Amino acid sequence: MASSMLSGAENLALMRAITPKAKGLCFSRSDLHGNYFPRVNLSTSSRIDRTRVAIPKCSLSASRPASQPRFIQHKKEAFWFYRFLSIVYDHVINPGHWTEDMRDDALEPADLNDRNLVVVDVGGGTGFTTLGIVKHVDAKNVTILDQSPHQLAKAKQKEPLKECKIIEGDAEDLPFPTDYADRYVSAGSIEYWPDPQRGIKEAYRVIKSGGKACLIGPVYPTFWLSRFFADVWMLFPKEEEYIEWFEKAGFTDVQLKRIGPKWYRGVRRHGLIMGCSVTGVKPASGDSPLQLGPKEEDVAKPVNPFKFFLRFILGAMAATYYVLVPIYMWLKDQIVPQGKPI
Ligand SMILES: C[S@@+](CC[C@H](N)C(=O)[O-])C[C@H]1O[C@@H](n2cnc3c(N)ncnc32)[C@H](O)[C@@H]1O
(Lines of atoms letter the chains of each structure in order from A and count residues from 1; the text may use other names and numbers.)
(Lines give C-alpha, C1' and ligand atoms only; values in the text may rest on other atoms or scores of the structure.)
Protein backbone atom coordinates (compact mmCIF):
# COMPACT_ATOMS: atom_id res chain seq x y z
CA MET A 1 0.00 0.00 0.00
CA ALA A 2 2.66 2.42 1.01
CA SER A 3 4.31 1.96 -2.36
CA SER A 4 1.17 3.13 -4.11
CA MET A 5 1.15 6.24 -2.05
CA LEU A 6 4.77 7.22 -1.86
CA SER A 7 6.70 7.32 -5.05
CA GLY A 8 10.27 7.76 -3.97
CA ALA A 9 12.91 10.38 -3.65
CA GLU A 10 12.70 11.42 -7.28
CA ASN A 11 9.18 12.67 -6.71
CA LEU A 12 10.33 14.73 -3.79
CA ALA A 13 13.00 16.28 -5.98
CA LEU A 14 10.45 16.93 -8.71
CA MET A 15 8.03 18.37 -6.20
CA ARG A 16 10.66 20.78 -4.99
CA ALA A 17 11.38 21.78 -8.56
CA ILE A 18 7.69 22.43 -9.24
CA THR A 19 7.03 24.38 -6.07
CA PRO A 20 10.08 26.31 -5.08
CA LYS A 21 8.15 27.78 -2.16
CA ALA A 22 7.52 24.33 -0.69
CA LYS A 23 10.32 24.59 1.83
CA GLY A 24 8.64 22.73 4.63
CA LEU A 25 7.50 19.54 2.94
CA CYS A 26 7.12 17.22 5.89
CA PHE A 27 5.00 14.99 7.99
CA SER A 28 4.18 17.03 11.01
CA ARG A 29 2.67 13.94 12.62
CA SER A 30 1.03 10.63 11.80
CA ASP A 31 -2.61 10.71 11.06
CA LEU A 32 -5.89 8.95 10.32
CA HIS A 33 -6.10 6.06 12.76
CA GLY A 34 -2.37 6.39 13.18
CA ASN A 35 -1.73 4.89 9.78
CA TYR A 36 -1.15 6.31 6.41
CA PHE A 37 -2.17 9.91 6.12
CA PRO A 38 0.37 12.47 7.15
CA ARG A 39 -0.16 16.12 7.72
CA VAL A 40 1.99 17.69 5.06
CA ASN A 41 3.46 21.09 5.57
CA LEU A 42 4.07 22.52 2.14
CA SER A 43 4.19 26.03 3.40
CA THR A 44 6.76 28.60 4.33
CA SER A 45 5.81 28.20 7.99
CA SER A 46 8.52 28.06 10.59
CA ARG A 47 7.53 24.61 11.91
CA ILE A 48 10.50 22.28 12.20
CA ASP A 49 10.39 19.29 9.84
CA ARG A 50 10.71 16.04 11.72
CA THR A 51 10.73 13.62 8.78
CA ARG A 52 11.33 14.36 5.13
CA VAL A 53 9.21 12.24 2.83
CA ALA A 54 8.24 11.99 -0.79
CA ILE A 55 5.00 13.52 -1.97
CA PRO A 56 2.46 11.07 -3.49
CA LYS A 57 2.18 10.93 -7.26
CA CYS A 58 -1.27 12.49 -7.16
CA SER A 59 0.27 15.83 -6.35
CA LEU A 60 2.42 15.75 -9.42
CA SER A 61 0.00 14.73 -12.14
CA ALA A 62 -0.72 17.22 -14.82
CA SER A 63 -4.25 18.61 -14.69
CA ARG A 64 -6.18 21.20 -16.57
CA PRO A 65 -5.78 24.68 -15.14
CA ALA A 66 -8.06 25.33 -12.17
CA SER A 67 -9.55 28.28 -14.02
CA GLN A 68 -10.98 25.96 -16.69
CA PRO A 69 -14.43 24.89 -15.49
CA ARG A 70 -15.32 21.20 -15.61
CA PHE A 71 -18.90 20.22 -16.43
CA ILE A 72 -20.24 20.70 -12.89
CA GLN A 73 -17.66 23.30 -11.80
CA HIS A 74 -20.16 26.01 -12.47
CA LYS A 75 -22.63 27.56 -10.04
CA LYS A 76 -25.76 26.97 -12.10
CA GLU A 77 -24.85 23.36 -12.79
CA ALA A 78 -23.94 22.78 -9.13
CA PHE A 79 -27.32 24.26 -8.17
CA TRP A 80 -29.19 21.72 -10.33
CA PHE A 81 -26.83 18.90 -9.36
CA TYR A 82 -27.74 19.45 -5.70
CA ARG A 83 -31.41 19.92 -6.55
CA PHE A 84 -31.40 16.15 -7.13
CA LEU A 85 -28.44 14.96 -5.07
CA SER A 86 -29.81 16.61 -1.90
CA ILE A 87 -32.58 13.98 -1.85
CA VAL A 88 -30.08 11.18 -1.20
CA TYR A 89 -26.92 13.10 -0.24
CA ASP A 90 -26.64 11.98 3.39
CA HIS A 91 -27.25 8.35 2.43
CA VAL A 92 -24.98 8.13 -0.62
CA ILE A 93 -22.11 10.57 -0.20
CA ASN A 94 -21.36 10.30 3.49
CA PRO A 95 -20.97 6.51 3.86
CA GLY A 96 -18.65 6.25 0.85
CA HIS A 97 -16.64 9.43 0.89
CA TRP A 98 -17.10 11.45 4.05
CA THR A 99 -17.50 9.45 7.23
CA GLU A 100 -17.80 10.78 10.79
CA ASP A 101 -14.25 9.57 11.55
CA MET A 102 -12.89 11.45 8.55
CA ARG A 103 -14.85 14.57 9.45
CA ASP A 104 -13.51 14.65 13.00
CA ASP A 105 -10.01 14.05 11.74
CA ALA A 106 -10.31 16.80 9.13
CA LEU A 107 -11.70 19.31 11.63
CA GLU A 108 -8.96 18.70 14.19
CA PRO A 109 -6.52 21.24 12.61
CA ALA A 110 -9.28 23.90 12.74
CA ASP A 111 -8.68 24.20 16.50
CA LEU A 112 -12.33 24.43 17.50
CA ASN A 113 -11.18 24.83 21.09
CA ASP A 114 -13.73 27.23 22.57
CA ARG A 115 -17.54 26.96 22.64
CA ASN A 116 -17.81 30.73 22.06
CA LEU A 117 -15.98 30.79 18.74
CA VAL A 118 -17.89 32.37 15.86
CA VAL A 119 -17.80 29.89 12.97
CA VAL A 120 -19.01 30.03 9.37
CA ASP A 121 -19.51 26.75 7.50
CA VAL A 122 -19.41 27.67 3.82
CA GLY A 123 -20.99 25.24 1.36
CA GLY A 124 -22.40 23.66 4.51
CA GLY A 125 -25.07 21.73 2.56
CA THR A 126 -27.06 19.27 4.64
CA GLY A 127 -25.03 20.18 7.72
CA PHE A 128 -22.95 17.02 7.99
CA THR A 129 -19.75 18.94 8.71
CA THR A 130 -21.66 21.39 10.91
CA LEU A 131 -22.66 18.44 13.11
CA GLY A 132 -18.95 17.95 13.74
CA ILE A 133 -18.48 21.67 14.46
CA VAL A 134 -21.29 21.92 17.01
CA LYS A 135 -19.65 19.19 19.08
CA HIS A 136 -17.07 21.86 20.01
CA VAL A 137 -18.81 25.21 19.46
CA ASP A 138 -22.25 26.48 20.56
CA ALA A 139 -24.69 26.11 17.67
CA LYS A 140 -25.94 29.68 18.11
CA ASN A 141 -22.46 30.92 17.08
CA VAL A 142 -22.42 28.90 13.86
CA THR A 143 -23.70 30.02 10.45
CA ILE A 144 -24.30 27.53 7.65
CA LEU A 145 -24.15 29.08 4.19
CA ASP A 146 -24.90 27.32 0.93
CA GLN A 147 -26.14 28.25 -2.53
CA SER A 148 -28.56 25.31 -2.55
CA PRO A 149 -31.87 25.81 -0.72
CA HIS A 150 -32.50 22.09 -1.21
CA GLN A 151 -29.37 21.11 0.69
CA LEU A 152 -30.10 23.68 3.42
CA ALA A 153 -33.64 22.33 3.84
CA LYS A 154 -32.05 19.05 5.00
CA ALA A 155 -29.77 20.91 7.44
CA LYS A 156 -32.80 22.69 8.94
CA GLN A 157 -34.32 19.33 9.85
CA LYS A 158 -31.37 18.32 12.06
CA GLU A 159 -32.04 18.80 15.76
CA PRO A 160 -28.45 19.72 16.86
CA LEU A 161 -28.42 22.47 14.18
CA LYS A 162 -31.70 24.10 15.26
CA GLU A 163 -29.92 27.12 16.75
CA CYS A 164 -27.52 27.64 13.83
CA LYS A 165 -28.12 30.52 11.43
CA ILE A 166 -28.84 29.02 8.02
CA ILE A 167 -28.49 31.27 4.98
CA GLU A 168 -28.31 31.07 1.20
CA GLY A 169 -25.24 32.63 -0.35
CA ASP A 170 -22.23 32.28 -2.61
CA ALA A 171 -18.85 31.11 -1.32
CA GLU A 172 -17.14 33.52 -3.69
CA ASP A 173 -19.05 36.53 -2.39
CA LEU A 174 -19.79 35.97 1.30
CA PRO A 175 -22.46 38.09 3.00
CA PHE A 176 -20.36 38.58 6.15
CA PRO A 177 -18.46 41.71 7.17
CA THR A 178 -14.66 41.75 7.08
CA ASP A 179 -13.07 40.33 10.30
CA TYR A 180 -16.36 38.69 11.32
CA ALA A 181 -15.59 35.09 12.35
CA ASP A 182 -13.02 33.22 14.41
CA ARG A 183 -13.13 30.20 12.14
CA TYR A 184 -14.01 29.58 8.51
CA VAL A 185 -14.81 25.96 7.60
CA SER A 186 -15.68 24.65 4.16
CA ALA A 187 -15.91 20.95 3.36
CA GLY A 188 -16.39 19.47 -0.08
CA SER A 189 -17.51 22.68 -1.74
CA ILE A 190 -14.40 24.12 -3.45
CA GLU A 191 -14.71 21.58 -6.27
CA TYR A 192 -17.79 23.44 -7.54
CA TRP A 193 -16.38 26.95 -7.33
CA PRO A 194 -15.56 28.36 -10.78
CA ASP A 195 -12.85 30.51 -9.19
CA PRO A 196 -11.39 28.74 -6.12
CA GLN A 197 -8.84 31.48 -5.47
CA ARG A 198 -11.68 33.98 -5.05
CA GLY A 199 -13.43 31.73 -2.51
CA ILE A 200 -10.22 31.41 -0.48
CA LYS A 201 -9.67 35.16 -0.64
CA GLU A 202 -13.19 35.53 0.80
CA ALA A 203 -12.32 33.07 3.57
CA TYR A 204 -9.41 35.33 4.47
CA ARG A 205 -11.55 38.48 4.44
CA VAL A 206 -14.29 37.23 6.75
CA ILE A 207 -12.13 35.85 9.54
CA LYS A 208 -10.58 37.92 12.30
CA SER A 209 -6.88 38.50 12.74
CA GLY A 210 -5.45 35.34 14.33
CA GLY A 211 -8.47 33.35 13.12
CA LYS A 212 -8.17 30.15 11.13
CA ALA A 213 -9.61 28.87 7.86
CA CYS A 214 -10.05 25.12 7.37
CA LEU A 215 -10.86 23.99 3.87
CA ILE A 216 -11.52 20.32 3.19
CA GLY A 217 -11.53 19.17 -0.41
CA PRO A 218 -10.71 16.61 -3.08
CA VAL A 219 -7.31 15.53 -4.31
CA TYR A 220 -6.40 14.84 -7.89
CA PRO A 221 -6.20 11.18 -9.06
CA THR A 222 -3.21 9.58 -10.79
CA PHE A 223 -4.93 6.52 -12.27
CA TRP A 224 -5.86 7.43 -15.86
CA LEU A 225 -9.54 6.39 -15.77
CA SER A 226 -10.20 8.12 -12.46
CA ARG A 227 -8.41 11.19 -13.76
CA PHE A 228 -10.60 11.21 -16.85
CA PHE A 229 -13.85 11.08 -14.85
CA ALA A 230 -12.56 13.56 -12.29
CA ASP A 231 -11.77 16.06 -15.04
CA VAL A 232 -15.14 15.60 -16.69
CA TRP A 233 -17.00 16.08 -13.43
CA MET A 234 -15.50 18.89 -11.38
CA LEU A 235 -12.34 20.39 -9.89
CA PHE A 236 -9.98 17.98 -8.14
CA PRO A 237 -7.10 20.28 -7.14
CA LYS A 238 -3.55 19.15 -6.59
CA GLU A 239 -2.17 19.52 -3.08
CA GLU A 240 0.24 22.27 -4.07
CA GLU A 241 -2.62 24.25 -5.63
CA TYR A 242 -4.38 24.46 -2.27
CA ILE A 243 -1.18 25.72 -0.67
CA GLU A 244 -0.64 28.27 -3.40
CA TRP A 245 -4.21 29.60 -3.16
CA PHE A 246 -3.92 29.96 0.63
CA GLU A 247 -0.58 31.70 0.46
CA LYS A 248 -1.66 34.04 -2.32
CA ALA A 249 -4.73 35.01 -0.29
CA GLY A 250 -2.37 36.05 2.54
CA PHE A 251 -2.65 33.13 4.98
CA THR A 252 0.35 32.11 7.06
CA ASP A 253 1.22 28.80 8.73
CA VAL A 254 -0.49 26.92 5.90
CA GLN A 255 -0.78 23.21 6.64
CA LEU A 256 -2.20 20.31 4.66
CA LYS A 257 -3.39 17.13 6.34
CA ARG A 258 -4.28 14.08 4.28
CA ILE A 259 -7.53 12.30 5.05
CA GLY A 260 -9.44 9.38 3.55
CA PRO A 261 -11.83 6.53 4.35
CA LYS A 262 -10.30 3.74 6.48
CA TRP A 263 -10.94 1.08 3.86
CA TYR A 264 -8.87 2.87 1.20
CA ARG A 265 -5.80 1.91 3.27
CA GLY A 266 -4.13 5.15 2.18
CA VAL A 267 -4.66 4.66 -1.57
CA ARG A 268 -5.02 7.97 -3.35
CA ARG A 269 -4.55 7.00 -6.99
CA HIS A 270 -8.29 7.31 -7.69
CA GLY A 271 -8.33 10.71 -6.07
CA LEU A 272 -10.59 11.42 -3.14
CA ILE A 273 -13.62 13.65 -2.90
CA MET A 274 -12.51 14.45 0.64
CA GLY A 275 -8.76 13.99 0.49
CA CYS A 276 -7.21 16.79 2.51
CA SER A 277 -7.83 19.42 5.14
CA VAL A 278 -5.94 22.66 4.54
CA THR A 279 -5.60 25.30 7.24
CA GLY A 280 -4.14 28.77 7.36
CA VAL A 281 -3.99 31.61 9.88
CA LYS A 282 -4.95 35.22 9.11
CA PRO A 283 -1.99 37.34 10.27
CA ALA A 284 -3.63 40.79 10.29
CA SER A 285 -7.09 42.31 10.21
CA GLY A 286 -8.66 43.63 7.00
CA ASP A 287 -9.15 42.35 3.48
CA SER A 288 -6.82 39.99 1.64
CA PRO A 289 -3.85 41.66 -0.06
CA LEU A 290 -4.72 39.74 -3.22
CA GLN A 291 -6.39 41.73 -6.01
CA LEU A 292 -8.62 39.84 -8.46
CA GLY A 293 -10.45 40.83 -11.62
CA PRO A 294 -14.15 40.26 -12.29
CA LYS A 295 -15.83 36.96 -11.36
CA GLU A 296 -15.30 33.97 -13.65
CA GLU A 297 -19.01 33.24 -13.88
CA ASP A 298 -21.88 35.63 -14.34
CA VAL A 299 -24.86 33.68 -13.00
CA ALA A 300 -27.29 36.25 -14.39
CA LYS A 301 -26.08 35.60 -17.95
CA PRO A 302 -28.56 33.48 -19.98
CA VAL A 303 -27.35 29.99 -20.94
CA ASN A 304 -28.02 27.82 -23.97
CA PRO A 305 -30.41 25.19 -22.50
CA PHE A 306 -29.21 22.44 -24.85
CA LYS A 307 -25.56 23.03 -23.99
CA PHE A 308 -26.44 23.29 -20.30
CA PHE A 309 -28.35 19.98 -20.36
CA LEU A 310 -25.56 18.18 -22.21
CA ARG A 311 -22.88 19.43 -19.80
CA PHE A 312 -25.08 18.52 -16.86
CA ILE A 313 -25.71 14.96 -18.06
CA LEU A 314 -22.04 14.34 -18.88
CA GLY A 315 -20.96 15.77 -15.52
CA ALA A 316 -23.55 13.68 -13.64
CA MET A 317 -22.42 10.52 -15.47
CA ALA A 318 -18.83 11.18 -14.48
CA ALA A 319 -19.97 11.70 -10.89
CA THR A 320 -21.54 8.21 -10.95
CA TYR A 321 -18.06 6.74 -11.40
CA TYR A 322 -17.13 8.28 -8.07
CA VAL A 323 -20.08 6.57 -6.40
CA LEU A 324 -18.64 3.25 -7.61
CA VAL A 325 -14.99 3.84 -6.63
CA PRO A 326 -15.53 3.60 -2.84
CA ILE A 327 -17.58 0.42 -3.31
CA TYR A 328 -14.70 -1.07 -5.32
CA MET A 329 -12.16 0.01 -2.69
CA TRP A 330 -14.35 -1.33 0.11
CA LEU A 331 -14.59 -4.73 -1.61
CA LYS A 332 -10.82 -4.80 -2.14
CA ASP A 333 -10.31 -4.00 1.52
CA GLN A 334 -12.54 -6.96 2.45
CA ILE A 335 -10.81 -9.39 0.08
CA VAL A 336 -7.11 -8.47 0.28
CA PRO A 337 -5.50 -9.53 3.57
CA GLN A 338 -4.66 -6.67 5.92
CA GLY A 339 -1.10 -5.42 5.53
CA LYS A 340 -0.99 -6.28 1.80
CA PRO A 341 -1.20 -3.53 -0.85
CA ILE A 342 -4.60 -2.96 -2.44
C1 LIG B 1 -20.33 17.97 -1.33
S2 LIG B 1 -21.44 19.15 -0.65
C3 LIG B 1 -20.74 19.37 0.94
C4 LIG B 1 -21.76 19.70 1.97
C5 LIG B 1 -21.25 19.74 3.41
N6 LIG B 1 -20.19 20.72 3.58
C7 LIG B 1 -20.79 18.40 3.90
O8 LIG B 1 -19.72 18.33 4.48
O9 LIG B 1 -21.49 17.41 3.73
C10 LIG B 1 -21.03 20.64 -1.49
C11 LIG B 1 -21.93 21.79 -1.17
O12 LIG B 1 -21.35 22.99 -1.71
C13 LIG B 1 -22.42 23.81 -2.16
N14 LIG B 1 -21.91 24.80 -3.10
C15 LIG B 1 -21.40 24.58 -4.33
N16 LIG B 1 -21.00 25.75 -4.88
C17 LIG B 1 -21.25 26.72 -3.96
C18 LIG B 1 -21.06 28.11 -3.93
N19 LIG B 1 -20.51 28.78 -4.96
N20 LIG B 1 -21.44 28.80 -2.83
C21 LIG B 1 -22.00 28.14 -1.78
N22 LIG B 1 -22.22 26.82 -1.75
C23 LIG B 1 -21.83 26.10 -2.82
C24 LIG B 1 -23.40 22.82 -2.76
O25 LIG B 1 -24.69 23.37 -2.89
C26 LIG B 1 -23.32 21.68 -1.77
O27 LIG B 1 -24.27 21.77 -0.75
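The backbone N, Cα and C atoms fix where each Cβ goes, glycine too.
No curator has checked TrEMBL annotations; they are predicted automatically.
TrEMBL lists region 'SAM motif I' for one of the ranges 119-128, 139-148, 179-188, 329-338, namely 119-128. Matching 51-64, 205-218, 233-246, 261-274 against TrEMBL, the residues noted as region 'SAM motif III' span 205-218. Checked against TrEMBL, the range among 24-37, 66-79, 164-177, 290-303 recorded as region 'SAM motif II' is 164-177. The list of residues near the region 'SAM motif III' (205-218) in space but at least 6 beyond its ends in sequence, with Cβ under 8 angstroms from a Cβ of it, reads 106-107, 109-111, 120, 129, 174, 176-191, 230, 234-237, 242, 246, 251, 259, 271-285, 287-288. Counting residues of the region 'SAM motif III' (205-218) by DSSP class, helix then strand then coil, yields 2 helix, 12 strand, 0 coil. Summarised by DSSP class, the composition of the region 'SAM motif II' (164-177) is 0 helix, 6 strand, 8 coil.
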